[in-house]
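The structure under discussion appears below in the form of structure tokens.
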Amino acid sequence: SVLRKISWVCLAAVLFTHALKTLHRNWDWESEYTLFMSALKVNKNNAKLWNNVGHALENEKNFERALQFFIQATQVQPDDIGAHMNVGRTYKNLNKTKEAEESYMIAKSLMPQIIPGKKYAARVAPNHLNVYINLANLIRANESRLEEADQLYRQAISMRPDFKQAYISRGELLLKMNKPLKAKEAYLRALELDRTNADLWYNLAIVYIELKDPTEALKNFNRALELNPAHKLALFNSALLMQESGDGRLRPEAKQRLLHYVKEEPQDANGYFNLGMLAMDDKKDTEAEAWMKKAIRLQPNFRSALFNLALLYSQTGKELMALPVLEDLLRYYPDHTKGLILKGDILMNQKKDIVGAKMCFEKILELDPNNVQGKHNLCVVYFEERDLIKAEKCLVETLALAPHEEYIQRHLNIVRSKIASLSATEQSSLPADGTAAAEEKKKSFQNMKEVKNEQKTTQTTVDNNKRHSENKKQTEKNNMDKETPKKSTKEIKDIEKKRVAALKRLEEIERILNGE
């Protein structure tokens, strides 16, 4: 009975101590980090344990501490390719590209080396081949090292011809190097290895876009969506391709894909913007306005959305609503030429703010002195200011920039016709004889010539006209005793017809501001 009691006490002690040890051990299993740290307390000479602790910290985005454990793994086992790759990847995450490249180069040097002229077989762990991919992905950020990166991809493929990721990465690089045909070959080879990869079909579609073959591109986008209906990039880019095709039959499907895309990516303003563009193509102005506004709410500085919303307002007779939108656009992008042209057009035609419109067009010419539309519209401003000489000179300069634009020649003829009409009116109102009258007529034309050559402002032109008027009155006073010829009724009617025609042409100039 005594032995039995002692046995029970010993058993109870063993159970109690082991229960305490199990309870304590449970804390080691709280996370990967605590588990592998507990293992390191037992064995500090195992590189795999140091790597595992580093991976646990890396998953927590604690790259600085993870790097310390990865470096320790390389010190425990210097020929561990995976440890050097981990160090390189962590340096890259810390934006230390030079150190990352050095670590990848060490890992690459530990790989089996190819000896020219000799054939041999070597067992290479698949994940170790990623050293070529990682190193190539790192150095191809430098445009001068693209060929070097391509060599690394080809080296990986030569070591393992069924290395799918190498073909994919090389295809992306070849597209960057503007070699779409070779990129197509790389993707087709990858598809032979895996025809169920939606990303591969998507990448092949991008290659066909580069090759200017939208039909094949759309087929490959569709194949990607068959394999993965929620493939966001395929949804978005295939919808754009349908929209740009100009085929009205494809627009409903394009809209459905964009709606699916914004459901997957509700915070991407580009989806809503393109829905707005589709609605504009379908003349659904209210719907287009709603989509554009939603895109701008998500991205207030969305350049294209701001301009197209303003353009939509302008095209639907809501020009004054377009002005605040254009103000926002030009606050973010002061050099937006089309925005300045549209704003100037609205200011001149709707608000009759000639000064504001003139500032817009002058700003355009500061940015681009050869901008034909901006210069032409500035010529129209001069016409509105009744500075016909300056308008004529401006249109001549504009015609020199675009000699084949018929509308510029037409407007130049209008201005010259107006000048001729006014000159004819002045001549008919002057005395037919008398030295003073002849001199005054000569002086008047000299004044016009000076204004044309020296490009005086509107105010200067007005002052010259006033001076001419005063001189004309003095001439009439000096010759009041002389008989002046009277204009016939037919001449008056002809002059009136010319004035009406000139006004009609002026209205035509105003209409072309937004249309031409």
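Note: Cβ is positioned from N, Cα and C throughout, glycine not excepted.
Residues or ranges marked as compositional bias 'Basic and acidic residues' by TrEMBL: 438-455 (among others).
The feature compositional bias 'Basic and acidic residues' is assigned by TrEMBL to 464-495 (among others).
The region 'Disordered' annotation in TrEMBL covers 425-495.
If one looks beyond the repeat 'TPR' (47-80) by at least 6 residues along the same chain, the residues whose Cβ comes under 8 Å of a Cβ in the stretch are 31-33, 36-37, 39-40, 86-87, 90-91, 93-94, 110. Taken from TrEMBL, the feature repeat 'TPR' applies to 47-80 (among others).
Among the features that TrEMBL reports, repeat 'TPR' is placed at 164-197 (among others). Proximity of distant same-chain residues to the repeat 'TPR' (164-197), defined by a Cβ-Cβ separation under 8 Å and at least 6 residues beyond the stretch ends, is recorded for 129-130, 132-133, 136-137, 140, 146, 149-150, 153-154, 156-157, 203-204, 206-208, 210-211, 227.
The repeat 'TPR' annotation in TrEMBL covers 198-231 (among others). The average pLDDT for the repeat 'TPR' (198-231) in the predicted structure is 96.
As annotated by TrEMBL, repeat 'TPR' applies to 269-302 (among others). The list of residues near the repeat 'TPR' (269-302) in space but at least 6 beyond its ends in sequence, with Cβ under 8 angstroms from a Cβ of it, reads 236, 239-240, 243, 251, 254-255, 258-259, 261-262, 308-309, 312-313, 316, 328, 332.
The signal peptide annotation in TrEMBL covers 1-19.
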